[in-house]
Amino acid sequence: MDKLADLNYTLSVITLMNDTLHSIIQDPGMAYFPYIASVLTVLFTLHKASIPTMKIALKTSKCSYKVIKCCIVTIINTLLKLAGYKEQVTTKDEIEQQMDRIIKEMRRQLEMIDKLTTREIEQVELLKRIHDNLIIKPVDVIDMSKEFNQKNIKTLDEWESGKNPYEPLEVTASM
């Protein structure tokens, strides 16, 4: 475990790889050498970083399958990014989380639509009642018996002794 995390050991392995590549490929003008060296360096770094991480994670975690799956998916995604692909590998857990988030958002929007629809229906009913109250209804005969000034009116024939009881008998003036 100490050798895996030792920086000097890692650097010496990288130097050994570079020396080996230089001895294998004698032509210094080879165009693909930097690319091959960088890919091998990245692979070696991934190897050195992933093994201790997986060992620690497997010891501390109860679910080793998920840890291994997550590490492998991360390594594959890193390699895809290095190769220039924009696509990524996702696990079922990530897909289920995204689906749950989408379903939750859809439920929230449906509740909002339901509330708005209920409010609109209530407003339409209120407008209908207001419209019904404002409609002028044609009436053929107007019933004047309910008018306040028509209740106690008597005609000249109905008055006692033919005199108007509302006319004053005497005129009094103040001095």
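Note that Cβ sites are derived from N, Cα and C of the backbone, with glycine treated the same way.
Look at Swiss-Prot and you will find E120, Q123 tagged as Ca(2+) binding site. Under the three-state DSSP scheme, Q123 (Ca(2+) binding site) falls in the helix class.
The N-linked glycosylation site annotation in Swiss-Prot covers N8 (among others).
Swiss-Prot lists N18 (among others) with the feature N-linked glycosylation site, giving sequence analysis as the kind of evidence.
For 52-175, the entry in Swiss-Prot reads topological domain 'Cytoplasmic', with the evidence type sequence analysis.
If you look up Swiss-Prot, you'll see 29-51 marked as transmembrane segment, on the strength of sequence analysis.
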If you skip the near sequence neighbours and keep only those at least six away, which residues in the chain come within under 8 angstroms of E120 (Ca(2+) binding site), Cβ to Cβ? none
